[in-house]
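First up is the structure itself, then whatever we jot down about it.
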Amino acid sequence: MKNPIYLDYAATTPVEFKVAKKMMNYLTIDGIFGNPASRSHKFGWEAEEVIDIARNEISELIGSDSREIVFTSGATEANNLAIKGIAFFHRKKGNHIITSKTEHKSVLDACRYLESVGFSVTYLTPKNNGIIDLNDLKKNINKNTILVSIMHVNNETGIIQDITNISKICRSHDIFFHVDATQSVGKIAINLKNLFVDLMSFSAHKIYGPKGIGGLYVRRKPRVRLSALSHGGGHERGMRAGTLPVHQIVGMGESFKLARKKINDDFIHLTNLRNDLWNGIKNIEEVYLNSDLKQGAPHILNVSFNYIEGESLIMALKDLAISSGSACTSSSLEPSYVLRALGIKDELAHSSIRFSIGRFTTKEEIQHTVKSVHKSIHRLRALSPLWEMFKSGVDLNSIEWDHT
């Protein structure tokens, strides 16, 4: 058993050995290293061919046409391209966008940027269970609404949104629907042929592929048109300029191929380990589940341990690689904006820990994690004056604290 135990798979995943080995064949003079845009010789033709193969593997996993895949540097760029691209191209049609308060920062910051240049954005507040209220969505649609952007699986809580019915609502109002599927692709079955989704973002490094490569699904029928964010060369059907990184795309294609083969076994494996973890810690006093075992993805478990700062617990659990939220915001001392949007009070949001498990997590590692959490919680609470006051029956909410 490795030490520390890696339980931050929602932040990134290790590259599968088979993926890494295959990527090595597309880097050196002995392999296929050509520029796929060089169509006058064999090196370019070979590079273009393997990219087409990768596109096919990606489309097979998500149920799309391979021609609907646009390569990007990752999900952050894909989210920006989808949101800004639709907004700028269709500005004459309308300037209103709908998203939610619990989206990834790459979506929220893109929307805030659009607000600064004249767009109007509605940020929906999910229900306390994290699910978007479909009636609330309908009420906020107006004649100027051009785009709805909702993530499939939340990166902090693992909550799964009902993108099937959201897509139907958007289609009935002739509104573009963008889905950030970074945490769901390869973990939950997706078939875009059965959904009215117009754009979908995803990344390779979340499903055992390389970092620095991702994609945006852009529907062809009915055709979705958007403005490019980068220009020069007309790559990716004019939507994303730049020489394609062949080795990364090959790695992405291979990781998606493996995900398609392993998705059912992975789902069972992750669900069992997540349930083992929760069953092992749920009887700790003042522990709160911020995820939903029925409406949540199998790889994420978000838990609050009252009267203990999440950062303190992370430091105490040196043998575990865990986080206090999204990898993009975990360095912030502010409580999770996602948990606050769900109505969770600051004290519990501050005490939250995200455990995220993966393909290589073992039952032995989960058993060790349960023991470590119990031990650290007991030790930290023994040092906590707040815990002592709580156990003495003091109503901490009635105390007026001096913040001077």
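Note that the numbers count up from 1, one per residue, in the order the chain is shown.
Using the three backbone atoms N, Cα and C, a Cβ is placed for every residue, glycine included.
Per Swiss-Prot, pyridoxal 5'-phosphate is bound by Ala75, Thr76, Gln183, Ser203, Ala204, His205, Thr243; the candidate from Asn155, Asn272, Asn275, Asn279 named for the same site is Asn155. In three-state terms derived from DSSP, Lys206 (N6-(pyridoxal phosphate)lysine) belongs to neither a helical nor a strand segment and is classed as coil. Restricting the binding-site residues Asn155, Gln183, Thr243 to those with a CA within 10 Å of the CA of Lys206 (N6-(pyridoxal phosphate)lysine) leaves Gln183, listed by sequence position. With the fewest other C-beta atoms within 10 Å around its C-beta, His205 stands out among the recorded positions His205, Lys206. The full span of the recorded pyridoxal 5'-phosphate binding residues, Ala75, Thr76, Asn155, Gln183, Ser203, Ala204, His205, Thr243, taken as their largest Cα to Cα distance, is 30 Å.
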